[in-house]
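Novice: After the structure tokens below, expect a handful of questions from me.
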Number of protein chains: 2
Amino acid sequence: MNKEQFFINSIQNSKYNGDDGAFIDGYVYSMDAFFEDVHFKKDWFTLKQIAYKSMLVNISDAIAMNAKPKYALISIAIPKYYTNEDLQELANGFKKAAKDFDFEIIGGDTIENYKLDISITIISKTSKPIYRSGVKEGDYLCYTGKLGDSKKDLEALLSGKKIKKSSKFIKPVLKADFFYEASKYINASMDISDGLFLDLEKLSIASNIGFDIFRKIDDNIASSGEEYEILFSCSQKNLKKIEQIAKKHKTKLNFFAKAVKGSFRTNLSNHHFKN
Amino acid sequence: MNKEQFFINSIQNSKYNGDDGAFIDGYVYSMDAFFEDVHFKKDWFTLKQIAYKSMLVNISDAIAMNAKPKYALISIAIPKYYTNEDLQELANGFKKAAKDFDFEIIGGDTIENYKLDISITIISKTSKPIYRSGVKEGDYLCYTGKLGDSKKDLEALLSGKKIKKSSKFIKPVLKADFFYEASKYINASMDISDGLFLDLEKLSIASNIGFDIFRKIDDNIASSGEEYEILFSCSQKNLKKIEQIAKKHKTKLNFFAKAVKGSFRTNLSNHHFKN
């Protein structure tokens, strides 16, 4: 067991353990850290991009639970030498995310620190939360979009190369509209942050089920983290409806596995920068 | 204007600006950072004390708004070399706060970092939030407890001395029971985190009012930060009732000023360690 899991087990109420957020009384509460030299290097992004991505990785959790972000709190630690222009750029990144996803920033804490460290809490609303534990035997497993580029772009950055401004590693592309509309046909879901196979393992544990992978998944696809695509399961009878909704929203779907008795474990390691 | 204020003004919806937390639909949302080498030095506290204090400075905000903590989310960045025993000690500090104040830890994020940095979001419930903006002309101003020791103890620590385990600088003593019961007689409140006069200035700005200080306040009392006592105002007709409630809860009250037309500003500086 790694330290993160040890700490989570030591502290947390098991009732809320294991999902992207905690669902209580109509709201989903989720919190994620986005720390300099842990999740990103400062010269990889502009400050506005850092602020925007720090919000999006949080919003991604809300969407994967079928919840709409309503409010955000930001705890931000800022180096002393940052100018007012730097602060304005950060503020603009946060505000752009709030505008794009229609929520309000209602508070937080601002402190001085040695590096730029951001933690965000998102309060989102849902009438039908979708959990990781909902996969049923016979369900089809699917991920949205295209996987692999985040890993490729991270490797490029780590070897000192530049990447495109449009890279999903810089600006995640969340599939909110598709997923909210498709949600009534979805049995289980989570976002892909650690990599498809590692996240599939989490789904396996939460749903106590195995997966029969019927489509070849390249290692570069299976291990690409920080994709912020959605991994979900649905029953066969809803495949057509989900495909129609995906078509309407121009969202690519990749059905790749079927839920079967057993369990799924992977030897692939976490391909976040953070590890 | 300092950078913190500049950033807050750049980003935040003014509707929620200026209180210890944001009140929305029966709940108060507050978030505070507690960072190593910003808010504390590691050799000043045990890990359990650090975790406990990081929770209490957050709960203090909720209490000062007359809200009862219900849920907490913890974003924690932990150095790589911490052992499982270290993690258990941190977890015990968080859990002790949750037990003492009867709330649940529902989630968060755990990452590896160079130092121990904690951000906490508290979700608390109230049917009557108390704001900083509620001071009325003629109100009496009061603070709970005894001020000054946190400053003295911080100075001792900074000069390499040891302080008592019972120091409020290590373990804040929140006046929750008194304040919840007295709340119906209170017009405005906030917790004393920056120091009595700096916090009084914030009350002055929020309520657009001045203060006639009728009791001599020593500079060491006026500038002692991280006290986590409550500063509140009430009308004269409620003084007796509040004093009776304070007596019942053995809470010391210090009435020291009267609200008058004008404004209150101080030249005292922020006596947090963090600045």
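Heads up, the Cβ atoms here are built off N, Cα and C, so glycines get one too.
Heads up, TrEMBL stuff is auto-annotated, nobody curated it.
Below are the features I grabbed from TrEMBL:
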- A:18-123: domain 'PurM-like N-terminal' (DOMAIN)
- A:Asp20, A:Asp61, A:Asp191: Mg(2+) 3 binding site (BINDING)
- A:Asp20, A:Ser30, A:Asp61: Mg(2+) 4 binding site (BINDING)
- A:Asp32, A:Asp109: Mg(2+) 1 binding site (BINDING)
- A:Asp32, A:Asp61: Mg(2+) 2 binding site (BINDING)
- A:His39, A:Glu226: substrate binding site (BINDING)
- A:Gly108, A:Asp109, A:Arg132, A:Ser193: ATP binding site (BINDING)
- A:Asp194: Mg(2+) 5 binding site (BINDING)
Novice: When you rank A:Asp32, A:Gly108, A:Asp109 by Cα distance to A:Glu226 (substrate binding site), which of the binding-site residues ends up on top as the closest?
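Specialist: Result: the closest of the binding-site residues to A:Glu226 (substrate binding site) is A:Asp32.
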Novice: With DSSP as the yardstick, break the domain 'PurM-like N-terminal' (A:18-123) down into helix, strand and coil residue counts.
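Specialist: With helix first, then strand, then coil, the domain 'PurM-like N-terminal' (A:18-123) has 38 helix, 43 strand, 25 coil.
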Novice: Got a sec? Which of these binding-site residues, A:Asp109, A:Asp191, A:Asp194, A:Glu226, has the most Cβ atoms within 10 Å?
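Specialist: That would be A:Asp191, with the highest Cβ count within 10 Å.
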Novice: Looking at the binding-site residues A:Asp20, A:Arg132, A:Asp191, A:Ser193, A:Asp194, which ones have a CB within reach of chain B, meaning under 8 Å Cβ to CB?
Specialist: none
Novice: Among all protein chains shown, how many Cβ atoms are found within 10 Å of the Cβ of A:Asp32 (Mg(2+) 1 binding site), not counting that one?
Specialist: 26
Novice: If you skip the near sequence neighbours and keep only those at least six away, which residues in the chain come within under 8 angstroms of A:Gly108 (ATP binding site), Cβ to Cβ?
Specialist: A:Leu73, A:Ile74, A:Ser75, A:Ile76
Novice: Cα within 10 Å of A:Arg132 (ATP binding site) is the criterion; apply it to the binding-site residues A:Asp20, A:Ser30, A:Asp32, A:His39, A:Asp109 and give the hits in sequence order.
Specialist: A:Asp20
Novice: Assuming the binding residues for ATP are exactly those in the record, A:Gly108, A:Asp109, A:Arg132, A:Ser193, what is the maximum CA-CA distance in angstrom, rounded?
Specialist: 31
Novice: Taking only the binding-site residues A:Asp20, A:Asp191, A:Ser193, A:Asp194, which one has a CA atom nearest to the CA atom of A:Asp109 (Mg(2+) 1 binding site)?
Specialist: A:Asp20
Novice: Other than A:Asp20, A:Ser30, A:Asp61 themselves, what residues in this chain have Cβ atoms within 8 Å of the centroid of the Mg(2+) 4 site's Cβ atoms?
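Specialist: Other same-chain residues near the Mg(2+) 4 site: A:Asp19, A:Gly21, A:Val28, A:Asp32, A:Asn58, A:Ser60, A:Ala62, A:Ala64, A:Met65, A:Ile122, A:Asp191.
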